[in-house]
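**Student:** As annotated in Swiss-Prot:
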DOMAIN    14-44  domain '4Fe-4S ferredoxin-type 1'
BINDING   C24, C27, C30, C100  [4Fe-4S] cluster 1 binding site
BINDING   C34, C90, C93, C96  [4Fe-4S] cluster 2 binding site
DOMAIN    81-110  domain '4Fe-4S ferredoxin-type 2'
Amino acid sequence: MAKKTPSIDTKNLTAVQLMELDSCTRCGECVKWCPTYAASGQKPGLAPRDKILRWRQYMNKSYGLKAKLFGPTEIPQSELEEFKDDVHGCTTCGICATVCESGINTVELWESLRTNLVKKGIGPFGKQGMFPKLIGQYHNPYLLDQKDRLAWVPPDVKIADKANIVYFTGCTAGYKQLALAFATSRVLNKLGIEFTMLGEDEWCCGSALIRTGQVHVNDVAKELAKHNVEAIKAKGATKVLYACAGCFRASKVDWPRLLGEELPFEVVHITEFLEDLIKKDKIKWEKSLDKTVTYHDPCHLGRHVGVFEPPRYVLSHIPGVKFVEMDRVKEFQRCCGAGGGVKAGIPDLALSVAESRVKDALDTNADVLSSACPFCKRNLMDGRDSLKADIEVEDVIVLVAQALGLSVE
């Protein structure tokens, strides 16, 4: 009789992750905080605890004592497909890791499980499966011409050919949310900061591939990271500035892992850079905004990397800004709903989560809901529009530009 093959494997799960799967006590604390579980009407399969329990059951059926004695129990394909849907119905925001009393690094676990399933031909979710081929071919997720990477640059913005600082624009700011690129570049010019950009040599950071379990597919993610690092080195830069939280997280956390070495330059978010300049009294404001502003922590910037205070410091020092906090902030903030591929794969779920976050902002009576991530901004705008709410959604760097008397158009 032919030996049965287990329906799943554990090849890309680390020893620590295998122990983490066993360490879940099923206390349910994560269930209370999960944004997609709440937004879905409490669909059981989306609860972090449930996903861990099911994968543990799959492992027991495949590799437990009974499986070793009598062979693995086959897991129906339909069941694995349903599990795939639930694993991808997660923004990988990391709130479950924050509240987990067993200390499980759930973000890493969810991404590993996604990768595991994709390697078995199960997933990714919906149109996410096109990411490796298209990003590998076009070097950006929008399928636009790389030669247009700097098409947004207005005549008044000065860019050096080489400099110690590279502004890594990101695909979204460079192609879609141009106000973010206008604001960042003009603020740097206004402050006398010499910087350069990579232009058509700037490739996608790879975040979309990594977050959706496709980090391994054709080695595209590694190729992107390697190319970008070499392009930055060629500019002679020692520091790279990011206004996109997703690019920042990918560069700071994922690139070193993919390449197996530390980066030869410093990775800095624009709010960290501005905080330092404000503390050194190097910013001379020109305009009072006279607005009440609240701030949404992007998961990639906050929980994933730990940058919580710089955006708040910057906002609180802008003339005329009354800064107010929402109920859930910093480590315990509510995700905007766009991360982990959910915006692309399950847009209705992403919108529902965004509506909840916009309601948090409305409770503060703020004029402006700010963030430091173009993906958060886009989804929060969608949530606001869906609610027909009267609140401005804007990036922190755009508010800085306005207070310096600069145009973002």
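Keep in mind that glycine also has a Cβ here, set from the backbone N, Cα and C atoms.
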**Student:** So which one is it: of the binding-site residues C27, C34, C93, which has the fewest other Cβ atoms within 10 Å?
**Tutor:** C27
**Student:** In Å, rounded, how far does the Cα of C90 ([4Fe-4S] cluster 2 binding site) sit from the Cα of C100 ([4Fe-4S] cluster 1 binding site)?
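**Tutor:** Computed Cα spacing between C90 ([4Fe-4S] cluster 2 binding site) and C100 ([4Fe-4S] cluster 1 binding site) is 16 Å.
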**Student:** Quick one: pull the CA-CA distance for C34 ([4Fe-4S] cluster 2 binding site) versus C100 ([4Fe-4S] cluster 1 binding site), whole Å only.
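**Tutor:** Their Cα atoms are separated by 11 Å.
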**Student:** Enumerate the residues of the same chain, C24, C27, C30, C100 excluded, that satisfy the criterion Cβ within 8 A of the mean position of the Cβ atoms of the recorded [4Fe-4S] cluster 1 site; list them in sequence order.
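**Tutor:** After dropping the recorded site residues, what remains is T25, R26, G28, E29, P48, R49, I52, C96, V99, E101, S102, I104.
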**Student:** For C24 ([4Fe-4S] cluster 1 binding site), what is the tally of other C-beta atoms lying within 10 angstroms of its C-beta?
**Tutor:** 21
**Student:** Take the domain '4Fe-4S ferredoxin-type 2' (81-110) and find every residue of the same chain, 6 or more past its ends, with a Cβ under 8 Å from one of its Cβ atoms.
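**Tutor:** The answer is 16-17, 20-21, 23-25, 27, 29-30, 32-36, 40, 43, 45-46, 48, 50-52, 54-55, 58, 117, 122-125, 128, 211-213, 299, 303-304, 331-335, 337-342, 345-346, 349-350, 353.
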**Student:** Please count the residues of the domain '4Fe-4S ferredoxin-type 2' (81-110) that DSSP assigns to helix (H, G, I), strand (E, B) and coil.
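**Tutor:** Tallied per class, the domain '4Fe-4S ferredoxin-type 2' (81-110) gives 18 helix, 0 strand, 12 coil.
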**Student:** What is the pLDDT of the domain '4Fe-4S ferredoxin-type 1' (14-44) when averaged and given as a whole number?
**Tutor:** 95
